[in-house]
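My structure is below; once you've seen it, I'll send some questions.
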Amino acid sequence: MDNQNGRISIALLPFLAHGHISPFFELAKQLAKRNCNVFLCSTPINLSSIKDKDSSASIKLVELHLPSSPDLPPHYHTTNGLPSHLMLPLRNAFETAGPTFSEILKTLNPDLLIYDFNPSWAPEIASSHNIPAVYFLTTAAASSSIGLHAFKNPGEKYPFPDFYDNSNITPEPPSADNMKLLHDFIACFERSCDIILIKSFRELEGKYIDLLSTLSDKTLVPVGPLVQDPMGHNEDPKTEQIINWLDKRAESTVVFVCFGSEYFLSNEELEEVAIGLEISTVNFIWAVRLIEGEKKGILPEGFVQRVGDRGLVVEGWAPQARILGHSSTGGFVSHCGWSSIAESMKFGVPVIAMARHLDQPLNGKLAAEVGVGMEVVRDENGKYKREGIAEVIRKVVVEKSGEVIRRKARELSEKMKEKGEQEIDRALEELVQICKKKKDEQ
């Protein structure tokens, strides 16, 4: 800690998923803007995706090299585009990087470490170097509180049964892998120094933040949605094409369709989404992720020709924040990853929830509970069907029945704008106090 000006240095270690790298990077930018020296540590492949977006001299990108193998070469040291069967090997490789990270911490000697739910060794290694560590929770308080409640109060009813009713659920013994993940998750809360940072805001899930604070016996400090500035860097040709297309559409008449950076739709799912968009008659931009080697014959034959200029299909990555922040965008067909929900709320765009797995169904339910989204209902076989997709798109974007949802999304966005960056300011105050307390103990 710089004694002359109170400037602190902070190291950040996110998990290797884009949905974690992105909020950690946005947090790093906010801390750097407030006169902190920041070190963001991750694998070279993850850092390469943000190098061009880093304009602050106060953020240093620090490479963490994982052990490589023929099955897990360096370009797979990220969950972005990672084949599902390599997810566990990647986690295992990350778990073995503790000694390497220990050397990095020894060299950097930061005043504080901000860590993620994985790897499990981060707070212990920080402690071995006499560095305080704070957990940064990048998922919703609502979904996180369910797991922590079940662990702390087994057999007891969850306090908000309208959101999650566990009264008729008989828990099954978790597998060894899931048990380890659960214990690692609990340890993240227990090892955090005094507070827990959370990517959230009270206007969306205040009661769940309070519940999680009680369950963890730690002060939860929201840092807001941490959405990247959509105008923060130069536009590439693809972005330019998309924005030009949006500029020609009327206000709030376009749905953006995106299912995240890690999930590939099956051919059947692609067809249902495509026909759903077609019969909805609503304008759309669809970011389609295609598995390498399977690029032909996936979208229904003639689909692109039939929708014509009403739809824009973009292969691979799309500038999500730029699209959601555009005045023509009036709905977001989303997999309901927490970062996507936060971005949608930041820009006042209602969510059409097509959740996939993990915490996503709960995130979609939360958006619906608050009144800023609507869930697409699965059929009796657990599948999304074209008619249901089209119906919810039209309700949310076009029909009079969706006006309440559209208004609530706008109102929530306005509240967040009025609040500005108060959450980050308070979070930094808490972090400085932790560093001062540690220094006084030495």
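These residue numbers are counts, starting from 1, taken along the chain as shown.
Using N, Cα and C of the backbone, Cβ positions are placed for all residues, glycine too.
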Among THR107, THR138, THR214, which residue does Swiss-Prot name as a further UDP-alpha-D-glucose binder in the site formed by ALA318, GLN320, HIS335, TRP338, SER340, GLU343, ASP359, GLN360?
THR138
Find the longest CA to CA distance in the recorded UDP-alpha-D-glucose-binding set THR138, ALA318, GLN320, HIS335, TRP338, SER340, GLU343, ASP359, GLN360; express it in Å as a whole number.
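That value is 23 Å for the farthest Cα pair.
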Counting Cβ neighbours within 10 Å across all chains shown, tell me which of the recorded positions ASP116, GLU343 comes out on top.
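Sorting the candidates by Cβ neighbours within 10 Å, the top entry is GLU343.
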Identify, in sequence order, the residues in the chain of TRP338 (UDP-alpha-D-glucose binding site) that are 6 or more apart from it along the sequence and have a CB within less than 8 Å of its CB; answer 'none' if there are none.
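The answer is GLY19, THR138, THR139, ALA140, SER143, LYS199, ASP359, ASN363.
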What does DSSP assign THR138 (UDP-alpha-D-glucose binding site), in three states?
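Note: THR138 (UDP-alpha-D-glucose binding site) is coil by DSSP, not helix or strand.
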Around the C-beta of HIS20 (active site, proton acceptor), how many further C-beta atoms are within 10 angstroms, looking at every protein chain?
24
Enumerate same-chain residues with a sequence separation of six or more from GLN360 (UDP-alpha-D-glucose binding site) and a Cβ-Cβ distance below 8 A; give 'none' if the list is empty.
HIS335, CYS336, GLY337
Distance between ASP116 (active site, charge relay) and GLU343 (UDP-alpha-D-glucose binding site) at the Cα atoms, whole Å?
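Just about 20 Å between their Cα atoms.
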